[in-house]
Amino acid sequence: MKTLLLTLVLVTIMCLDLGYTIRCFITPDVTSTDCPNGHVCYTKTWCDGFCSSRGRRVELGCAATCPTVKPGVDIQCCSTDNCNPFPTRP
């Protein structure tokens, strides 16, 4: 009887939606942070006045949907844990 009860408890726990949250890197600290359920991670890059000497500006974050950006701004969105690491310079 105890085995049956334990099995039912385990199956119930496995079948419940436990409110999975995604982990995304967030700037300025580039730390991995829990984001709300259903959000996506993003990496946004663009050039400013110092692009030739410092490289592209980078913003990492999470949002309910992939953000809309202006022309000249690149964005990549993803939906797995820590899928938006700080880009390496070529």
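We count from 1, first residue shown onward.
Backbone N, Cα and C atoms are what each Cβ position is placed from, and that goes for glycine too.
Its own atom aside, the Cβ of C24 (disulfide bond) has 26 Cβ atoms within 10 angstroms in the protein chains shown. In this structure, C24 (disulfide bond) is part of a beta strand by DSSP. Annotated disulfide bond per Swiss-Prot: C24-C41 (among others), in sequence order.
Annotation source Swiss-Prot lists disulfide bond at C35-C62 (among others). In this structure, C35 (disulfide bond) is part of a beta strand by DSSP. Cβ neighbours within 10 Å of C35 (disulfide bond), excluding its own Cβ and spanning all shown chains: 18.
According to Swiss-Prot, the disulfide bond annotation covers C47-C51 (among others), on the basis of similarity to another entry. For C47 (disulfide bond), the count of additional Cβ atoms within 10 Å of its Cβ stands at 14 [all protein chains shown].
Every protein chain considered, the tally of other Cβ atoms within 10 Å of the Cβ of C66 (disulfide bond) stands at 14. C66 (disulfide bond) carries neither a helix nor a strand DSSP state and counts as coil. The disulfide bond feature in Swiss-Prot is assigned to C66-C77 (among others); the stated evidence is similarity to another entry.
Neighbour density for C83 (disulfide bond): within 10 A of its CB lie 17 other CB atoms from the protein chains shown. According to Swiss-Prot, the feature disulfide bond maps to C78-C83 (among others).
Residues or ranges marked as signal peptide by Swiss-Prot: 1-21.
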Task: Close disulfide-bonded residues near C35 (disulfide bond), where close means Cα within 10 Å, chosen from C24, C41, C77, C78, C83 - done: C24, C41
Open item on the list: A 10 Å Cβ contact count, applied to the disulfide-bonded residues C62, C78: which residue has the minimum?
Closed with: C78
